[in-house]
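Reviewing the structure listed below.
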Amino acid sequence: MSSNTTTAGEGGPGFGLGFGPGFEPGSAPDLDTSTLSTNVIVAWSIMMSFAAVTVGLRFYTRRLIIHVLGIEDWLILAAMILAVGACVGFIRQTFSALGHHIWTVAPEAMTKWGMEQWYSFLFYTMSLACTKMSILFLYLRIMPFGLIRIANQVVMAIVMICNIWVFVGFFVNCIPLAKTWDPSVAGSCLPMLSVTLGNSILHVITDFAIFVLPIPILVKLKINYKKKVGLVLVFSLGLFVCLVSMIRLISLTRLDYSDVTYTVSTIAYWGAVEVNLAIICACLTTLKPLLVHLFPRALGTTDVTPYTLGSSMRPKAGAVNVQRTTVVQAEEGSFTRLDDESVKSTNALSPAATYEMESHAKYAATYTVHVAAPSKAHEKLGLS
């Protein structure tokens, strides 16, 4: 074996994936020379395009239609930028080794591939982290009090700690760092395959925790059949993201390390789906105001659907009425969206403190919390 060869799990090309006993790079030119590199490029390009469009529509909706931008929006923008970095990295890998049989890859290309894979996974991991934090900050809007809010804060802290741990690990798992992609460099590495599997397990656990968090709220929603169908569809899409994380983890454990540059393409496919679909899910339900704006006759209604909070989430004192409110005004056969003051005048509660309640794109729709005139109970709850 050449000096560039390392067993699976040691430092070296492939960000710790390595390639075990079998063929050396460029050692068997008479064997299969097919490639999956084009598939990787197509997968990342298509998923990235969909994600970019949904982020653009989200910012158009939030900035120009409802005139509200929060920290969750900026986090999803950061996630998109980092995902673009990951996309560029994975596409660059296809020009060095990714998708090619290892016996067709020049030995010197393995070090280049290892470096490209390192920064691709760095961008990839941080993009997922920003998406998760965006979702959790959005949850804070719809969980203003009670145990469910505390649970959200606990999950948020866990996600932050896990991702700080993973981020630091990218730079200290091999010392010096260059040994991560170049085994000829003197130094030492942690068992990188074990580290990678551990990080993937953390991602799966936090994915499911975020998915489960809003369920106590969702089961109490009183909405019509059409909205329930839409809710189930969006919720199912969120579940699919969790399943993709699991599939990617399982695929990682079943790689053929004797031809890792070719078989790791499966990880690249699922990675493209996971990181971009997570962004898409985080944006979907924020687009409802845009749809109402474009199709007011079909989606603009004056119906009000109440939502009663459970005892564990309900304030002990003070009147809180949670409603979904879409208000339009019929005028000579057309529909005009009322301004904020007009909307307030249609509510019996005045003055009102308004909280925008948007569920994460994986889970629900947009709600507004109307709180009656400030009281001591409201002040304690932080609602006034």
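Using N, Cα and C of the backbone, Cβ positions are placed for all residues, glycine too.
As written in TrEMBL, here are the features:
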- 41-61: transmembrane segment (TRANSMEM)
- 57-292: domain 'Rhodopsin' (DOMAIN)
- 73-91: transmembrane segment (TRANSMEM)
- 121-142: transmembrane segment (TRANSMEM)
- 154-178: transmembrane segment (TRANSMEM)
- 200-219: transmembrane segment (TRANSMEM)
- 231-255: transmembrane segment (TRANSMEM)
- 267-287: transmembrane segment (TRANSMEM)
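Across the domain 'Rhodopsin' (57-292), mean pLDDT in this model comes to 89. Taking every recorded stretch in 41-61, 73-91, 154-178 and counting its Cβ pairs under 8 Å to the transmembrane segment (267-287), the highest total belongs to 41-61.
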